[in-house]
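Enquirer: Sharing a structure, written as structure tokens. Questions coming.
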Amino acid sequence: MGSNSSPPTVLQLCYENVTGSCVKTPYSPGSRVILYAVFGFGAVLAVFGNLMVMISILHFKQLHSPTNFLIASLACADFGVGISVMPFSMVRSIESCWYFGRSFCTFHTCCDVAFCYSSLFHLSFISIDRYIAVTDPLVYPTKFTVSVSGICIGVSWILPLVYSGAVFYTGVYDDGLEELSSALNCVGGCQVVVNQNWVLIDFLSFLIPTLVMIILYGNIFLVARQQAKKIENIGSKTESSSESYKARVARRERKAAKTLGITVVAFMISWLPYSIDSLVDAFMGFITPAYIYEICVWCAYYNSAMNPLIYALFYPWFKKAIKVIMSGQVFKNSSATMNLFSEQI
């Protein structure tokens, strides 16, 4: 008599014949190809897009300004995500296994957190920079100098690196969750379980600077509207050369603030789902399905690839710089002093 029972499902492991190996839950071949293409494209764009930003700002002397140095340093953080975080997370997300060892798992997690906070710090300082530039454009050059920008860059790197290293290399992040962490700590896994205290600290560390940036940019656009009305009034009268100069400077700073404001909004939208999900998981017993978690993670990662696209859309100088770099003209001795702006202010 034939049996109607189906054959037992073969359990796939990350490491066959290894005791304590994690269970592998692979996608179908078609899905894997699509996911590798999508995630790989994000990583490539993050690496090469941000590399273009760094080369443009550091090579062309016309772009050597306090704001642009902050943008170049922000691009460096996003470049770090693209080259040291996204490729390995891509394999982990698609294969559902970590094949790079326990030590590199810790290093990878540190880089992930450090680059995220570095981006947040850079954007916070850029918001302050834009606030001063728009509210007081003529005094701004004496307030936000290259030296001040250098200090901001130093803080934006040192604090996140020290914080992430101290948290993940000392093991304080899973205090009170040792049993759960041990249960998830199978061979081929890189699952970091963070306790409620550190998740709350992380969430507040994201929320407070975000609220400050929202307030600053809200004030920036209120001031910008007032300045626009003044410029209209000046335009309807006989304007002096001094008033004309002030109007052009104010217009330039508002345009820069708008572009960088879009960058800040993109960061908030990208990272907010992950921040909320982490908070909910910590206080609700890690209830988020794996696929929801992966979507939140990759929305955050993709932010590192978005900034160069934003600059390309709103900064004519960046598009011109890319053409010079890609055409090989950048290797000419005179390229560093090339004019990238269509109009001078």
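Just so you know, glycine gets a Cβ as well, placed from its N, Cα and C.
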Enquirer: Which of these, Cys97, Cys105, Cys296, Cys299, shares a disulfide with Cys190 in Swiss-Prot?
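Expert: Disulfide partner per Swiss-Prot record: Cys105.
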Enquirer: May I ask you to name which of Asn17, Asn333 Swiss-Prot has annotated as N-linked glycosylation site?
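Expert: The candidate carrying the N-linked glycosylation site note in Swiss-Prot is Asn17.
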Enquirer: Are Arg102 and Ala282 on one side of the membrane according to Swiss-Prot?
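Expert: Yes - Swiss-Prot names the same topological domain for Arg102 as for Ala282.
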Enquirer: State the residue range annotated as region 'Extracellular Loop 2 (ECL2)' by Swiss-Prot; the candidates are 20-33, 174-187, 230-243.
Expert: 174-187
Enquirer: Please name which of the disulfide-bonded residues listed here, Cys105, Cys186, Cys190, is nearest in space to Asn17 (N-linked glycosylation site), Cα against Cα.
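Expert: Looking at Cα distances from Asn17 (N-linked glycosylation site), the smallest one goes to Cys186.
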Enquirer: Counting every protein chain present, what is the number of Cβ atoms, excluding its own, within 10 Å of the Cβ of Asn17 (N-linked glycosylation site)?
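Expert: Around Asn17 (N-linked glycosylation site), other Cβ atoms within 10 Å: 6.
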Enquirer: Including all protein chains shown, what's the count of other C-beta atoms within 10 A of the C-beta of Cys186 (disulfide bond)?
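Expert: So the number of other Cβ atoms within 10 Å of Cys186 (disulfide bond) is 19.
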Enquirer: So, taking each listed stretch (69-89, 148-168, 203-223, 260-276, 283-302) in turn and counting its Cβ pairs to the transmembrane segment (108-128) that are under 8 angstroms, which one gives the highest count?
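Expert: Out of the listed stretches, 148-168 contacts the transmembrane segment (108-128) most.
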Enquirer: What does DSSP give as the helix, strand and coil breakdown of the topological domain 'Extracellular' (277-282)?
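Expert: Result for the topological domain 'Extracellular' (277-282), in helix, strand, coil order: 6 helix, 0 strand, 0 coil.
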